[in-house]
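Taken straight from Swiss-Prot:
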- 22-45: compositional bias 'Low complexity' (COMPBIAS)
- Thr48: O-linked glycosylation site (CARBOHYD)
- Thr433: O-linked glycosylation site (CARBOHYD)
- Ser31: phosphoserine (MOD_RES)
- Arg43: omega-N-methylarginine (MOD_RES)
- Ser100: phosphoserine (MOD_RES)
- Ser227: phosphoserine (MOD_RES)
- Ser347: phosphoserine (MOD_RES)
- Ser420: phosphoserine (MOD_RES)
- Ser431: phosphoserine (MOD_RES)
- Ser453: phosphoserine (MOD_RES)
- 289-292: region 'Linker 2' (REGION)
- 293-412: region 'Coil 2B' (REGION)
Amino acid sequence: MSYTLDSLGNPSSAYRRVTETRSSFSRVSGSPSSGFRSQSWSRGSPSTVSSSYKRSALAPRLTYSSAMLSSAESSLDFSQSSSLLDGGSGPGGDYKLSRSNEKEQIQGLNDRFAGYIEKVHYLEQQNKEIEAEIQALRQKQASHAQLGDAYDQEIRELRATLELVNHEKAQVQLDSDHLEEDIHRLKERFEEEARLRDDTEAAIRALRKDIEEASLVKVELDKKVQSLQDEVAFLRSNHEEEVADLLAQIQASHITVERKDYLKTDISSALKEIRSQLECHSDQNMAQAEEWFKCRYAKLTEAAQENKEAIRSAKEEIAEYRRQLQSKSIELESVRGTKESLERQLSDIEERHNHDLSSYQDTIQQLENELRGTKWEMARHLREYQDLLNVKMALDIEIAAYRKLLEGEETRFASTFAGSIGPLYTHRQPSITISSKFVEEIIEETKVEDEKSEM
């Protein structure tokens, strides 16, 4: 379908009117050629995004098919063809004046429709840019979900490591308790050995006292034996002297008897008798003294032997106790060293565990803060998207109003000249395809994705 020269007029004047209409539309609607395109949808800071959003608040998400433009052009052709038919059939100057007025109105509507088409083209371009931005946001949300899964995996690994460290700590604590029990048992044995040592030392002191007493008794007995031996020697020497004196006297008396022959025979026999009696008495005293001394010496020797046996056994017991005490002391020192080593290991493990736990908590807190910031950013984008949808709905209402106005003009012209002209063509309603997605659905999908990431 084409325009006639009568309806379109001069091409230069038509182009001038379209240009003026576009410039006036740019001044009225925010200059789509300059105002809209001068602002860019940036991914900067929240202040930059909000400012750019305020400047480009008229850029909603719209998807229109090319059928709408073809339908609009067909409706324009229909209006102009109706005006041509109207101008050719009506007689009179009033009708020409009304036709010129209607022609001017149609030209104004045509100019407005041209500006509207340009605005639609611009909105389609902005719609593509916004769709690309939404796709980028969805990819970012998917990357955040994957990052959340990675964080969850790392948190699970950290929790498993923490459980392993707690298990090792419990095992070390159990070993420490066992060592404490062993140390307590060794302390009890050490105290018992110390008591036995004290008892043994007390017995040794008592035996030493007995030994000292026995030594004193032995010294006294030795002194008595020595005195008795001296006395025996003195008595023996005295007896020998007396015997010698008596023998000398006997010899002297024997000589005298020899001289006197038979006068002194009785004296020699008496002396012999006296000598025999003295020797018998001396032998008896010597035998009794030796027997008493031997008995006493045997008793003292037996007592000393018994004391020596007791002392030797006591010394052996003391040496055995000393060896046991030394071995227990060495064992106690080794156990103390093991305890100190385990305590140091336990303190190191606790310190490392506390450090790892604090680092894990810091990491978890950092991840939670990042997740919270991501959710806030997503909520901010959803709010911006809601505002864009609101602007889009307002523009849809305005577009519907323009369409109703154009359809009303077409209907009025069609009803005016339906009887005279007849139907020239079948009018098709413009097809408009609007792809939109409600914010509630996006919020619901975001909640589902958050629940999946939390699980």
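Using N, Cα and C of the backbone, Cβ positions are placed for all residues, glycine too.
These figures come from a predicted structure and were not determined experimentally.
Of the recorded residues, Ser100 (phosphoserine) and Ser347 (phosphoserine) place their C-alpha atoms 102 Å from one another. Within the model, the region 'Linker 2' (289-292) carries an average pLDDT of 78.
Summarised by DSSP class, the composition of the region 'Linker 2' (289-292) is 4 helix, 0 strand, 0 coil.
In this structure, Ser347 (phosphoserine) is part of a helix by DSSP. Spacing of Ser347 (phosphoserine) relative to Ser227 (phosphoserine) is 80 Å (Cα to Cα, whole number).
Each residue of the region 'Coil 2B' (293-412) gets a DSSP state, and the totals for helix, strand and coil are 120 helix, 0 strand, 0 coil.
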